[in-house]
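*Asks:* Submitted below is the structure of interest, expressed as structure tokens.
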Amino acid sequence: MARNKIALIGSGMIGGTLAHLAGLKELGDVVLFDIAEGTPQGKGLDIAESSPVDGFDAKFTGANDYAAIEGADVVIVTAGVPRKPGMSRDDLLGINLKVMEQVGAGIKKYAPEAFVICITNPLDAMVWALQKFSGLPAHKVVGMAGVLDSARFRYFLSEEFNVSVEDVTAFVLGGHGDSMVPLARYSTVAGIPLPDLVKMGWTSRDKLDKIIQRTRDGGAEIVGLLKTGSAFYAPAASAIQVAESYLKDKKRVLPVAAQLSGQYGVKDMYVGVPTVIGANGVERIIEIDLDKDEKAQFDKSVASVAGLCEACIGIAPSLK
């Protein structure tokens, strides 16, 4: 049986981490693509040389030509420029949109059957543009955001309650930006919803609000500490979880940026929602009930994403 082929577009910090994780999990053979000559080849060789120590079998190929991604089962896109301190994800729009146009053309030509996971920021606008540029069906193109945002929320909650991260579930909806909507009501510790834990005296509403805000600022906090780049371990782990659910048809319920066709009152836009990811890509979009306040927050988040998509059309009218 032929191994799966995983193509990584962009061989920076996230790309290298993705390649290593794909190897460790034996998800398939890996092609690292980058426009910088030597970078994907060097990282691929370095990771391949770790395989005898870690005990995994996979081929790693570095490439500077899109032809190398031909026939990929999964394509994960990290190409583009990362944030620097003081920048919002939205500041990257113009530069990274041009990158998405090139990446989309490469995928369209060489990997039209692939399941595509976009990580490039500003995420919701970039995955929307990438789907249009590539011409792939919407259920085969997603943005990695909600898994990461939920993971941050879960980690902060596990710290607050001094419990295992495995017993914390968390729910984050909306765009991958300052307007994301972490939902306390749908987040639990061992099945107990957060509002009940407040009543039980485990935490206070004020502390919970601070954790929710820290989740929104999670990426910026790391950018501020690193000063020369942005997060890469957690984003890579999150994208690999989505890829694994697709490749193994696990049907995991995962929050990703998916194209909506009327759910939550949104059409033809990519927004973070809970989905079922299996062998057909996005197999189901789960529409949960939102109260008035949550709906208002979600609508505000959607409006922010819509503004970015409009800005994209201003730069690249072909996206209309």
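For all residues, glycine too, the Cβ spot is worked out from N, Cα and C.
Found this in Swiss-Prot, in case it helps:
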BINDING   G10, S11, G12, M13, I14, G15, D34, N96, I119, T120, N121  NAD(+) binding site
BINDING   R83, R89, N121, R152  substrate binding site
ACT_SITE  H176  active site, proton acceptor
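Buried or exposed, and what's around them? Tell me for each listed feature.
*Replies:* Applying an 8 A CB threshold to same-chain residues 6+ apart, the list for N121 (NAD(+) binding site) reads G80, P82, R83, R89, L92, N96, H176.
Mapped onto three states, the DSSP output places R89 (substrate binding site) in helix.
A sphere of 10 angstroms centred on the C-beta of H176 (active site, proton acceptor) encloses 30 other C-beta atoms.
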*Asks:* Same chain, not part of R83, R89, N121, R152: whose C-beta falls within 8 angstroms of the C-beta centre of the substrate site? Give them in sequence order.
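*Replies:* After dropping the recorded site residues, what remains is P122, L123, H176, G177, G219, A220, V223, S230, A231.
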*Asks:* If one measures from the C-alpha of R152 (substrate binding site) to the C-alpha of I119 (NAD(+) binding site), what distance in angstrom results, rounded to a whole number?
*Replies:* 16
